[in-house]
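K.L.:
Pasting a structure below so you can have a look.
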Amino acid sequence: MANSFTRMMSGRNTAVMLASMGAGTLASGYLLSDNAAAAEKRRLYPPSADFPDLRKHNNCMASALTPTIYGQLRDKTTPNNWTLDQCIQTGVDNPGHPFIKTVGMVAGDEESYEVFGEIFDPVIKDRHNGYDPRTMKHPTDLDASKITSGMFDERFVLSSRVRTGRSIRGLSLPPACSRSERREVERVVVTALSGLKGDLAGRYYSLGEMSDREQQQLIDEHFLFDKPVSPLLTAAGMARDWPDARGIWHNNEKNFLIWINEEDHTRVISMEKGGNMKRVFERFCRGLKQVENLILERGWEFMWNERLGYILTCPSNLGTGLRAGVHIRLPLLSRDHRFKKMLDNLRLQKRGTGGVDTAATGDTVDISNLDRLGKSEVELVQLVIDGVNYLIECEKRLEKGQDIKIPPPIPQFRK
Amino acid sequence: MPFGNTHNEMKLKFTSEQEYPDLSKHNNHMAKVLTPAMYEGLRSKQTPSGFTLDDVIQTGIDNPGHPFIMTVGCVAGDEETYEVFKELLDPVIEDRHGGYKPSDKHKTDLNPDNLKGGDDLDPNYVLSSRVRTGRSVRGFCLPPHCSRGERRAVEKLSIEALASLSGDLNGKYYALKNMTDAEQQQLIDDHFLFDKPVSPLLLASGMGRDWPDARGIWHNDNKTFLVWVNEEDHLRVISMQKGGNMKEVFNRFCTGLTKIETLFKERGHAFMWNEHLGYVLTCPSNLGTGLRAGVHVKLPNMSKHAKFEDVLKRLRLQKRGTGGVDTAAVGGVFDISNADRLGFSEVELVQMMVDGIKLLIEMEKKLEKGQSIDDLIPAQK
């Protein structure tokens, strides 16, 4: 019996095929003037009438968008009929902060990065330190066996964590997805996760259906995510229909966790207390590969291509989408005036232990990689390991009253 | 989203069942009325400007509502929304507006001479008087759906029309994005300034997009007549002053509105209006007159009386705190206004409010003297 799923499967297969063909071969449409009113509206309001006022804005989109680019792209659509205005709405609505440069645009689907490449490419280049999607290739490497020295001194490192995101090819991304598509993402991923075994065996908790007790448990474990309140996310439409088709999966050992339909189709997190980053990354890679195999068996795959790596909603997470980090106590070094420069040169970033928008409290800081695109997962995790080991060495030297050196800057892209 | 239906075609590839929202925890008018069959029948439709069913109901899906307060849960993106999606909106309107039927006709009466009295509300009790409504400019999409170009066009038209007002109505426009700090502070001190909506009810419908582009405030030099441009509606028109002379407030309201309407017509744009729904606004709760006429009134004794709520209901009045719709009363001072919007004319609503306030003040005076108010309890209007 041809059911709706079968119909959708064939549609998805076509989308998968088209998407894998790469840049330039995707069918991008122009807005169909399927009625006279739309055509009349375009005549009355040329792109210049709609060009956003970005004079007080400070985000990557506002820096890159010109009236010319807008004029060329305004009436285009992706095959799912997603538009430029929808991609940039979050950047128009959130001028940004004088000190923090946000990205200011999102993708609605995989094809957004192609159809609106004229604006996405410069934004990607700006955000990813000169990575040029038009000429460069992104390396993917999830072979954890290559990692060396991945066990930190636990006198300093309290916990280790690696996270990334994955999108299911053929389904629209959180800003754009319909309720069916979101539910389909949930179904595909939850089905795959139920196939995990051994130390990865676990359970799914749907946000809308969890009991109060389950909710409290997940909050206590710091696993639970809630409806986004950041205007950066809500302006992009990611919170629509909350909490429909959102949920959290974690393994019984509570060190492998997947968020479904929050900012991305999936966010995958491997974490544990202590300093065994190698084990965290090994489980991360193993889990990711197994999930990928499980969805491939059913005819699905992750969004990925050679020039952008793994495709995620926000351009800032392209490539690896990977943030590998530690919570670490560096009471002396974190107060040293050379700390910031060391981090910069090591391509590391510090955050408060509450996450991206928090300040450090006490001596404990969250240290992670700055980069996402242009270096492989193995390279980035190794960079974090080597960098954190260096910081620990400096802390030990300061403990003994010895001098420390700022390391030379790490080159940004493979030659 | 503007410029044609950019997304609905894709959704139609899925079945209605797959797309139907989960409204099991919802308590708003839309959730009460929408059924899977209705959703299936309406999902493939769109207005000429491309507004779809999902666009209408998104705010109601994202805001399940409160167990005690019934929100509307749907908005219009253009004038045609009320026609194309009438299967959903007619029952919502009927439920929200006290049984107003799809065949009913709404009467518009903006002749202030028809108001009896209202110039003599006791200033010992009534601190201020205010009348507000909204107007939509025909030919432009409404705040949830308009493009930046359209919103700017509405602003431009409004500035031109308002600049032609003179005499008591001579005034000035302050664009939100251009105002100086001094102007901003003055407008805040005058209680005129509106800010970007924070209510998720409004944000979920898309009304906050592109803020503060093409938003602004116009007011006359006397600071008694005020127009908000491109906030929740194309225009919100407010007449207000201290004291209890509601007749004067209503006079200015009607005169100003009529003048503005003429000025817009001269420029080729009527206000959205029809015989059945009266003035067409973004939220179905504001259809008809879109009128809220009210006073800030001291009723410390009456408000503690067991029958206060009942009396208000009989008088078809509504109480709010003096900070507006989501606030509580402070110090026995209440904002009392008409509860209805549709099915009564402007004059009728202001008359009911004026008569009702007079009665409430009488009751307050009796309670002050320790007397009973039982013989004053009115019949249900």
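From the backbone N, Cα and C atoms, a Cβ is placed for every residue, glycine too.
A TrEMBL annotation is a machine prediction, not a hand-curated record.
According to TrEMBL, the domain 'Phosphagen kinase N-terminal' annotation covers A:43-129. If you look up TrEMBL, you'll see A:156-398 marked as domain 'Phosphagen kinase C-terminal'. For A:159-163, A:His222, A:Arg267, A:323-327, A:351-356, the entry in TrEMBL reads ATP binding site.
Each of these features: where is it, how hidden is it, and who are its neighbours?
P.N.:
Under the three-state DSSP scheme, A:Arg351 (ATP binding site) falls in the strand class.
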K.L.:
Using all protein chains in view, find how many other C-beta atoms are within 10 Å of the C-beta of A:Gly325 (ATP binding site).
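P.N.:
If we count other Cβ atoms within 10 Å of A:Gly325 (ATP binding site), we arrive at 23.
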K.L.:
Counting every protein chain present, what is the number of Cβ atoms, excluding its own, within 10 Å of the Cβ of A:Arg267 (ATP binding site)?
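P.N.:
21, counting other Cβ atoms within 10 Å of A:Arg267 (ATP binding site).
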K.L.:
Do you know the DSSP helix, strand and coil residue counts for the domain 'Phosphagen kinase N-terminal' (A:43-129)?
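P.N.:
Per DSSP, the residues of the domain 'Phosphagen kinase N-terminal' (A:43-129) fall into 43 helix, 4 strand, 40 coil.
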K.L.:
Would you mind ranking the binding-site residues A:Ser159, A:Val162 by how many other Cβ atoms sit within 10 Å of each Cβ and giving me the lowest?
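P.N.:
Fewest other Cβ atoms within 10 Å, among the binding-site residues A:Ser159, A:Val162, is found for A:Ser159.
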K.L.:
10 Å Cβ neighbour count around A:Arg351 (ATP binding site)?
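P.N.:
For A:Arg351 (ATP binding site), the count of other Cβ atoms within 10 Å is 18.
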